[in-house]
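Engineer: Below are the structure tokens for one structure; questions will follow.
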Amino acid sequence: MAMAQFCFSGCLCYNSCFPRSSNLSLTLLSDSPKRKPLENGVLSFNTIQCRVNHNGTVEHSDNGLSSFPEKHLHGRSASSSKSPPPRPRRIILVRHGQSEGNVDESAYTRISDPKIGLTEKGLADAEDCGRRIREMIEGDKAHNWKVYFYVSPYRRTVETLKGLGRAFERSRIAGMRVEPRLREQDFGNFQDREKMRVEKAIRMLYGRFFYRFPNGESAADVYDRITGFRETLRSDIDIGRFQPPGERNPNINLVLVSHGLTLRVFLMRWYKWTVEQFERLNNFGNGGMVVMERGYGGRYSLLMHHTEEELRQFGMTDEFWLPCWFLI
């Protein structure tokens, strides 16, 4: 009975999309000239064929895909497809403002990591970062610029996002998505302060990238989930997910609000830096940002916004310069 109601509803939806006056028509046919009888109250959909008109022509059917244009992408030739949407002008990586855990490590012994919030200074850090982002974007002298946010679900990053958002009118915000893969490296559950100090000392001996905290993650584990996020982000860029309907705006700016290690791993993955290069990088400050800006050939470069001196303070050496020019 439920299936029969589903089929009936489907017919209503189909008829509303394709009225009788349209050229599209389908006939449900069986292998024999006669239709198959109802099976448990449901018509058999084993074969779907196009109707042949009296004049001998066959009317075209796309099996309902006209309502879902993205379904045509796989069968569309390169010559007939539209040019890809413009890439975002920038990808801006923002570390959360100063948190309770940054000023008092014992906070992790009584508050779970995802629930650590910002201090008053951290809220000010976030608002100041938002103003700096706006000033940078307004320097482009483009009237149609917008920002789109990805944010870690942790409390301190969400609060940072709220601070950033105060710098922008609602009309300037293209959208926002909470992305769990941007969360902080997992150091375990409630953390014993002294034990954590020992673990971090051991990590320096073992190697910052591969050392896994008990009941937690290594930077290599973070790398794996960031790889998945990177592919999602690349797909979003390729299909123009940030574009307003019917627009092709080249002045979209993506802002990723996350955590220090996670953002360094993101840069490592994007530019294909080695483990040795990653381990030389320094964390950037609370409320700090790293800007990947579209440069030559539409590729994202760190040198479009940052000076060489700034990047050296970040831990980059001469061997970084060439990879940082290219989107790979």
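Here the Cβ of each residue, glycine as well, is placed from N, Cα and C on the backbone.
Found this in TrEMBL, in case it helps:
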ACT_SITE  His96  active site, tele-phosphohistidine intermediate
ACT_SITE  Glu184  active site, proton donor/acceptor
BINDING   Arg95, His96, Gly97, Gln98, Ser99, Glu100, Gly101, Asn102, Arg156, Lys195  substrate binding site
REGION    59-89  region 'Disordered'
Engineer: Can you tell which of the recorded positions (Arg95, His96, Arg156) has the fewest other C-beta atoms within 10 angstroms of its C-beta?
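Structural biologist: Comparing Cβ neighbours within 10 Å for the recorded positions Arg95, His96, Arg156, Arg95 has the fewest.
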Engineer: Give me the count of other Cβ atoms within 10 A of the Cβ belonging to Gly97 (substrate binding site).
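Structural biologist: Cβ-Cβ neighbours of Gly97 (substrate binding site) within 10 Å number 30.
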Engineer: For Glu184 (active site, proton donor/acceptor), write down the residues of its own chain that are at least 6 apart in sequence and whose Cβ falls under 8 Å from its Cβ; none is a fine answer.
Structural biologist: Asp113, Ser152, Tyr154, Ser258, His259, Leu261, Thr262
Engineer: With the cut-off set at 10 Å between Cβ atoms, which of these binding-site residues ends up with the most neighbours? Options: Ser99, Gly101.
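Structural biologist: When each Cβ's neighbours within 10 Å are tallied, Ser99 leads.
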